[in-house]
Amino acid sequence: MEFRELEYQLKYRNVQEELSWKWLRIKTTKTWRLRGPWKTSQTTPMMSKVSLSCYSNNVNGLNSPSKRNSLFNKLRKEKYSVIALQETHIDQNHTKYLENIQLGKVFVSADVQKKRGVALYIDCNIKAEEQFKDKEGRVIAARLETEEEKTLVVNIYAPNGPKSKFIKSLKDNINKTEFDHLILFGDFNGVVDKTMDKTFKAKNSKAASSLPKKFVALMDEYDLVDSWREYNPDVKDYTYYSSRHQAWSRIDMIWCSRSVLVKINKIQILTRDLSDHCPLTL
């Protein structure tokens, strides 16, 4: 047994019987989850058996053929299982620009104009089906399936301003979908922790505001963790620099089920390259 899996069992399964936890059922025929650690006497959590290599980045536009080719060539060499791109700026009439069989099967949500836009690439060797998307280029979701489990991957580009409608729609769609594990990629346009996820100048800026409580509550509701923060609890690092506010913030994240976390060996914030946002890999 790998050390990480043993650590998981000790941390989340060895719970005293007298503790009282609130049950929450997520739509799946296989799994009951708790708002907190797993309770061994009443549930057996399923660790994900699928190992995925993932990449996520706000690319700040892919209409330029040279930029698109540069990005695709770089990603092709790495052979990721899942690629999540935000702000493609490809409109609904030109989504064919995003097709690249070497990256995988592509799922796209595009706006009518050249703005927003999200895309998911899934390795062609993985069975995947689109589950839901919006019409504004903010959300695209696909379910990866094996004989034993279903993993829902969702790519988001959250609004910069009010997020209530966005959160409600996202939650409603997730609740309608059957899955065992959940991975939420994207540009959240907000931070979880003001102290850890912003530089000092950004603390009072609108450009790096805190995520609404209802957004952060999704972590508890679906038993998700901020994967980078989980591995770097005391580290201050950032993914986006606002030249307007002269401040850094960590608004790009990958939230995942705890059952997926135990399979992650490393998660990184990479150096900015073709965009003004840093990519993330796990």
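In case you wondered, yes, glycine gets a Cβ from its N, Cα and C as well.
Where the annotation comes from TrEMBL, it is an automatic prediction and has not been curated.
Not measured: the values here are computed from a predicted model.
Pulled from TrEMBL:
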ACT_SITE  Y157  active site
ACT_SITE  D187  active site, proton donor/acceptor
ACT_SITE  H277  active site, proton acceptor
BINDING   N58, E87, D187, N189, D276, H277  Mg(2+) binding site
DOMAIN    58-277  domain 'Endonuclease/exonuclease/phosphatase'
SITE      N189  site 'Transition state stabilizer'
SITE      D252  site 'Important for catalytic activity'
SITE      H277  site 'Interaction with DNA substrate'
Residues satisfying Cβ distance under 8 Å from E87 (Mg(2+) binding site), sequence separation of at least 6:
N58, V59, N60, G61, R116, G117, V118, Y157, D187
Give me the CA-CA distance between N189 (Mg(2+) binding site) and D252 (site 'Important for catalytic activity'), in Å, as a whole number.
7
Nearest-integer angstrom distance between the alpha carbons (Cα) of D252 (site 'Important for catalytic activity') and H277 (active site, proton acceptor):
8
Starting from the Cβ centroid of N58, E87, D187, N189, D276, H277, the recorded Mg(2+) site, name every other residue in that chain with its Cβ within 8 Å, sequence order please.
N57, V59, N60, Q86, Y157, Y240, I251, D252, S275
